[in-house]
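A.B. asks: Residues annotated as FAD binding site in TrEMBL: A:247-251, A:288-295, A:386-388. Feature annotation from TrEMBL assigns domain 'Photolyase/cryptochrome alpha/beta' to A:3-133. Taken from TrEMBL, the feature region 'Disordered' applies to A:511-566. Taken from TrEMBL, the feature site 'Electron transfer via tryptophanyl radical' covers A:Trp319, A:Trp373, A:Trp396.
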Amino acid sequence: MTHRTIHLFNKGLRLHDNPSLLAAMESSAAVYPVYVLDRQLMAASAHIGPLRWRFILQSLEDLHSSLQERGSRLHVLQGPYLDVVRHLVARWGITQISFDSEVEPHCVQLEAGLRGLAGELGLSIISCVAHTLYDVKRIIKTNDGKPPLTYKKFLHVLSFLGEPDKPARDITTADFQKCLTPRQDGDDEKDRVPTFEELGLEVEPEVLWPGGESHALKRLEQHFQSQGWVANFSKPRTIPNSLLPSTTGLSPYLSLGCLSVRTFYHRLSSIYAQSKNHSLPPVSLQGQVLWREFFYTVASATPNFTKMEGNPICLQIGWYDNQEALQKWKRGQTGFPWIDAIMTQLRQEGWIHHLARHAVACFLTRGDLWISWEEGMKVFEEYLLDADYSINAGNWMWLSASAFFHHYTRIFCPVRFGRRTDPEGQYLRKYLPVLKNFPSKYIYEPWNAPEEVQLQAGCVIGKDYPLPMVSHQEVSERNLELMKQVRSEQGNTAELTRDVADDPMEIGAKRHAQEEGPGADESAGRSCSSAASSRKRCSSGGEHGGRACSWTPEAVRLPEISSEVM
DNA sequence: TCCTGGTTGGTGTT
DNA sequence: AACACCAACCAGGA
């Protein structure tokens, strides 16, 4: 009980289920809650956009307030991580440090640095696993030292481990009364949470997702009032284009540890215990956090998990290097309203539904643009409030059929997929106001609207809103062939070399020529429908499911594929 | 070596 | 709304 301890918050920005902090308090006469804001270190591990920064700062503010309510405070210090800790150890006469043990490479590296420093300075260490349900090392050990590569196998391995640990008890004012947390050095303004302005950030004033533990717990309680909804939750049945999230929206809070995944898991168990027919993994809510656990487990044991090259579980594919097409996707200017609306919501709000992520990820990679999943992953990393090293990379490999998922023939149609659950296009009208006056019949494929309809809607396609950047029908068929080829070559040859030529259209042209001979001529044909296959066609009417496209097969002369990716 | 099953496709038929 | 079919992937298990 005589230690003087620094608790280093990293993720785990909470006072519920925080076993490292609790153990620090139980073994100390004084505990200093500290957050080291090492911007260089953070920038090296991930590209964090302004929305995520705001979320982090709000979460720190929230933590600071909670600590103040309990008679303590949060010290936020900027600078190189280990230098800051070394300085604080001397300044406060520290004998012990505590922190959560995490599995991301940069966290592992930081922990090694902290352990080295502790050895050098003779400090005791407390470190607990609190960001995942299990210590993923235990999962891997139980599976003979390898990460399970399927979810089913993963669940099977977990069945040997029993239930995850119960959450640690909440940290209360009483805990802080027993354990002095000195505030005497300097006033409250010293070492406080920086503002956006101080970090040089500009961000929209509207806050849809306020960061912090108290907001996380409030959101949790709101959802848990609907016990039936929680018990019967089935992920594939949730709606990607509802105007309010159709899922719990807890992912940002879980990713930063404002909400403990073990708290969430055990709260779900208690609801399931009272329910006769609750849903099950993989689609249940518990199944969702087990997916999270799955990706953490595989990521922790896979070298170069966020890259294709040097990643042993990742299919090696010669993706196109097309910066212009990538920028169109990123900025929501593909000409496909469903894709562009999703990317707009992502940039503006920092959260999109899981299935919406599928739609845009498939479009960028194996569906349409044939651009590397790594590029998409980086964009998500920048914009998503719930950006997460393991889950983000894992899902991008999944969607691009590079790992985990292999049914590459299942390609999302950028016109019909969204129309299924939002035939009137309310979601599109909200995020792409330029299209808001289009009739529902055409809003998912406005380039098919007759000129007078476009004029009536006050939006001429090609002028006020872009033409579709590719013919989905054409490029998706080409990509399917490319994928087939990759898979047949992968077995007996070395990995495909990545295309580095400076003209991606040229690459596409070459590949296409090799496979199928010269393409057709270059007119018209920016359509979801196909001349090659009249049975596959896009309905242009939301309310007439089977209605044929306004393009007749004869009218569509498909352009050469390579020229489509502009 | 073969067989099974896989969180969430799309089309067409009933 | 439910189902067969498409074309035929991979990890894991027998």
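The backbone N, Cα and C atoms fix where each Cβ goes, glycine too.
Help me understand the surroundings of these features in the structure.
C.D. replies: For A:Trp291 (FAD binding site), applying a Cβ distance below 8 Å and a minimum sequence separation of six or more within one chain yields A:Tyr151, A:Pro282, A:Ile391.
Mean model confidence of the domain 'Photolyase/cryptochrome alpha/beta' (A:3-133) amounts to 97 (pLDDT, 0 to 100 scale).
Sequence-distant neighbours of A:Trp373 (site 'Electron transfer via tryptophanyl radical') (same chain, 6+ apart, CB under 8 A from its CB) are A:Met308, A:Trp319, A:Ala361, A:Leu364, A:Thr365, A:Trp396, A:Met397, A:Leu399, A:Ser400, A:Ser402.
In the three-state DSSP assignment, the secondary structure recorded for A:Trp396 (site 'Electron transfer via tryptophanyl radical') is helix.
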A.B. asks: Which residue counts does DSSP yield for the domain 'Photolyase/cryptochrome alpha/beta' (A:3-133) in the helix, strand and coil classes, in that order?
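C.D. replies: Here the numbers are 64 helix, 31 strand, 36 coil.
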A.B. asks: As a test of the contact definition, list every same-chain residue at least 6 positions from A:Val289 (FAD binding site) whose Cβ is closer than 8 Å to its Cβ.
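C.D. replies: A:Leu133, A:Leu254, A:Val261, A:Phe264, A:Tyr265 - these are the non-local Cβ neighbours of A:Val289 (FAD binding site), listed in sequence order.
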